[in-house]
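Colleague: Straight from TrEMBL, here's the annotation block:
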- 119-197: domain 'Cation-transporting P-type ATPase N-terminal' (DOMAIN)
- 180-199: transmembrane segment (TRANSMEM)
- 205-225: transmembrane segment (TRANSMEM)
- 362-384: transmembrane segment (TRANSMEM)
- 404-433: transmembrane segment (TRANSMEM)
- 964-989: transmembrane segment (TRANSMEM)
- 995-1015: transmembrane segment (TRANSMEM)
Amino acid sequence: MESYLNKDFDVVDHKNRSPETLAKWRKAVRLVKNPARRWRHVADLTKRAEAEKKKKQIQEKIRVALYVQKAALHFIEAGDSQSATEKPSQVEYKLSEEAKREGFSIHPDELASIIRGHDIKALKIHGGVDGILTKVSVSVDEGVRSNSIPIRQNVYGLNHYTEKPPRSFLMFVWEALQDLTLIILLVCAVVSIGVGIATEGWPTGMYDGVGILISVELVVLVTAISDYRQSMQFKDLDREKKKIFIQVTRDGKRQKISIYDLLVGDIVHLAVGDQVPADGLFISGYSLLIDESSLSGESEPVNVYEGRPFLLSGTKVQDGSGKMLVTTVGMRTEWGKLMETLIEGGEDETPLQVKLNGVATLIGKIGLAFAVVTFLVLTGRFLVEKVLKNEITDWSSTDAMTLLNYFAIAVTIIVVAVPEGLPLAVTLSLAFAMKKLMNDKALVRHLSACETMGSASCICTDKTGTLTTNHMVVTKTWIGEKSIDVKGNENKDVVKSEISGALSILLQVIFQNTSSEVIKDDGKTSILGTPTESALLEFGLLLGGDFDAQRREFKILKIEPFNSVRKKMSVLVALPHGGIRAFCKGASEIVLGMCNKFIDCNGESVNLSREEANNIMDVINSFASEALRTLCLAFKDIDDSSVNSDIPDDGYTLIAVVGIKDPVRPGVKDAVQTCLAAGITVRMVTGDNINTAKAIARECGILTEGGLAIEGPDFRNMSPADMNAVIPYIQVMARSLPLDKHTLVKNLRNTFHEVVAVTGDGTNDAPALHEADIGLAMGIAGTEVAKESADVIILDDNFSTIVNVARWGRAVYINIQKFVQFQLTVNVVALMINFVSACVSGDAPLTAVQLLWVNMIMDTLGALALATEPPNEGLMKRPPVSRGTSFITKAMWRNIIGQSIYQLAVLGVLNFRGTQLLGLTGSDATDTLNTVIFNAFVFCQVFNEINSRDIEKINIFRGMFDSWVFLGVMVCTVAFQIVIIEFLGAFASTVPLSWQLWLLCVLLGFVSMPVAVVLKCIPVERTVKPPDGYKAIPDGPPANLV
């Protein structure tokens, strides 16, 4: 089987599959009873191709607009002022009277046309950005007023996109009815009713046909309910995926709102990594660099400034910061039209779905062959009997009914034999796991990620906010040649007196060189910004600083925002009494290297000698060894008074070194130990100082004896051979760049064949998130760019949540294995008992109605019971499943074959010797025997379903009473079996049984449990063949790095 699966259903990489690969898998799945249901949750390749074509047309249209804009800018800059101001021919837009009364003076379609066409001429005619602000009735400082929200929504629309309409429950019922085998059975049932009434009269003649009808309806109803619940779960998850928040100014206050609440006229604050939430115009900002590739397809980012003010929805802020005026929202934007093309996208198949499609196809072919042979054998025996009795020319309606029943049995064998539920069970299990993970603060964006996370053998994690709480506070500072402990209000007066000589310049660098804001509302002070900047601002406020007064006093000329490559933030300001000053803060070693002076104990600026620099480095290292994040703050006065001065990179005066405490999260150490016990290596990759990183790593249990802590520059300068030699031992990488993380991930995957999960929060982490098997973006600290590149969003930024995702991923994998083991056992037994009985006795002991009930037990109800079991702690005490491992393991084959032999032996003895063994006599002896066989068969499946809860361990009851879904399915199965036997005999071809026969059936089913214990004691080969190209880990790191 494995060679067959590897030929047509091999999954090399669960990411970035080509349309050709997807088409190959679909083509290989030749035997599908219900294509509409089988492929519902996966991408429609035809519609996806059409959407891609439409997307390219929109991108081409935008690209043309960009080229036209460039030409227009060149034309205007050439000095044709008359052309620039003359009114172009345009469509006449009529604004409603209500809109005019509210102070609006521009039509939404006209606004959309200006932005979409990058029409610089039309913008100038309307008075530029200031004119548009007036025409949409807002001011930059005030923003949208709350009382104008309803009228704005009516006039300019909502920021909502066209979505695929939700399916009703009846649509799922209709879809379940598309199963070809069920349709054939329905036709057989109708014919059976007609022929039966004609031959046997009313109501006896209709029982067989009505029984099939009721069974089909029950199968359809249960299937539709299960699918509808899955659909609701996916809908809830999709709603969570679309939650994006942005910062706006409203009612004069900066606040956070959902992008779906955005209105025309809103003043939006943009920062690195943000997604532009609507079409708009640039108002002000610094070095704003926009990635428009998602819209235009152009990879080159564009600068946005006063001369090129157009911002398009869906683009990304690659660098810089700024304010924008929202001019167009919703379906009037090009992004809205693009989103409309994506609603038919769908998910690609997960690796397990691909494998199980292959398993279902192979078993389906075998089942189809058995069904055909069974029908031919039954029909052949019937015809031979007629020939022997010289009745070959004498045909009656009873004969027609007999042949019809044979055909119905054959079709029902196909229903049972084609395990349509196998790939769909993966979807059910993943939907259940994703819903549970959503409640546990993990949003799974791609189905395959949850499944793949169960095989993760390595987690490369950030430090800040993931291993630590991200609640930062300044606890130490070095200023004026002395270190000072900062204990909040407890010693603030002491701190102020100690640093009085440098207090003024310290407050300047804190309040001027920041992208965060201090907000005062109803007497309460709050800080809106990153945790690091918030800690510095809190320190400044503690020292008695006034944020608003500082900001009013100085004029900011230029900003270089912090990013993970520069590792510093710089700002250029105009001083109140003339002159320019640059402020810089960032990674201690980098900023210290830019300084040639420092402020001494007298508050004077003095030269920084090599000896003093070494002393300061010792201070930095001592702070770092206490697990403090260290930053250096510096300034430089610039003689050149030109506003266009570049921010310098050297010649600074060091003001202070600050140590910021970011405590390790509670539970992280236990979570790391859980990973290590589960065979998952945890590596910390951080931009922090190596001493800080090592201290935190030791506290978390990541850095262990024999582990290696390395700095990013050392790592990236290694030769490939040296890199491969040290990678297995790297536990901490400090002062790393995003490129270092990407290189590490690539080598772990390609050279060492690890299944790698990577965390990231910044824009520059996107390549590593994309390269990894599982990209994990931070929900709180993460940028929209990082989230879009990720497979899972960790909503609480907590490492323990990542471990929980791995736990659920393993649960999905093992649950599907349990279900496959259970279903294949039912398949083998149901096929063999009917086939052998047909060949030997010319009759099938299991009727069409009974087989349909068995199909529902093993398909929908079995998947619900086994594929939705929650994870247990034992899952994290075994190594991860490596790449290339067979899905159906030898232990599973052992259990399937062993249980099948037991059940076939029991049912075979009952079928051929049951009458004598049970002492059955009378006219209903055959009916009673067939009922006992059916009942014993069902109870064998009930107890085998319990056996399947653990493939290798004997204790299969652990956690069973905590799984209410499993218990509910068991109770419902047994209860309905009693109803079928005792009360629905006319429809199900059964007769009521005595309590002794009931006890016998239950005991025969129960014996499968001790059989399972014996089977699990049989050893199976446990050696795992390494994948092709696998390189063994060397015995130790290179001597020069130990």
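Including glycine, each Cβ sits where the backbone N, Cα and C put it.
Note that the structure is a prediction, hence the values are computed from the model and not measured.
Structural setting of the listed features?
Modeller: Counting residues of the domain 'Cation-transporting P-type ATPase N-terminal' (119-197) by DSSP class, helix then strand then coil, yields 51 helix, 1 strand, 27 coil.
Counting same-chain residues at least six beyond the ends of the transmembrane segment (205-225), those with a Cβ under 8 angstroms from any Cβ of the stretch are 37, 169, 172-173, 175-177, 182, 185-186, 188-199, 401, 405, 408, 848-849, 852-853, 855-856, 860-861, 984, 986-989.
Sequence-distant contacts of the transmembrane segment (404-433), counting only residues of its own chain at least 6 positions beyond either end whose CB sits under 8 Å from a CB of the stretch, comprise 31-34, 37-38, 41, 179, 181-182, 184-185, 188-189, 191-192, 195, 208, 212, 226, 230, 233-234, 349-350, 352-353, 356-357, 359-360, 363-364, 366-368, 370-372, 374-375, 378-379, 382, 444, 447, 450-451, 808-809, 811-812, 815-816, 819-820, 823-824, 826-827, 830-831, 834, 844, 846-848, 851-852, 854-855, 858-860, 862-864, 867-868.
Within its own chain, the transmembrane segment (964-989) has Cβ neighbours under 8 Å at 207-208, 210-211, 214, 847, 849-850, 853, 857, 861-862, 864-866, 868-869, 927, 930-931, 935, 938-939, 942, 945-946, 949, counting only residues six or more beyond its boundaries.
Residues 894-895, 898-899, 902-903, 906, 918, 928, 932, 935-936, 938-944, 946-947, 954, 956 of the same chain lie 6 or more positions beyond the ends of the transmembrane segment (995-1015) yet place their CB under 8 Å from a CB of it.
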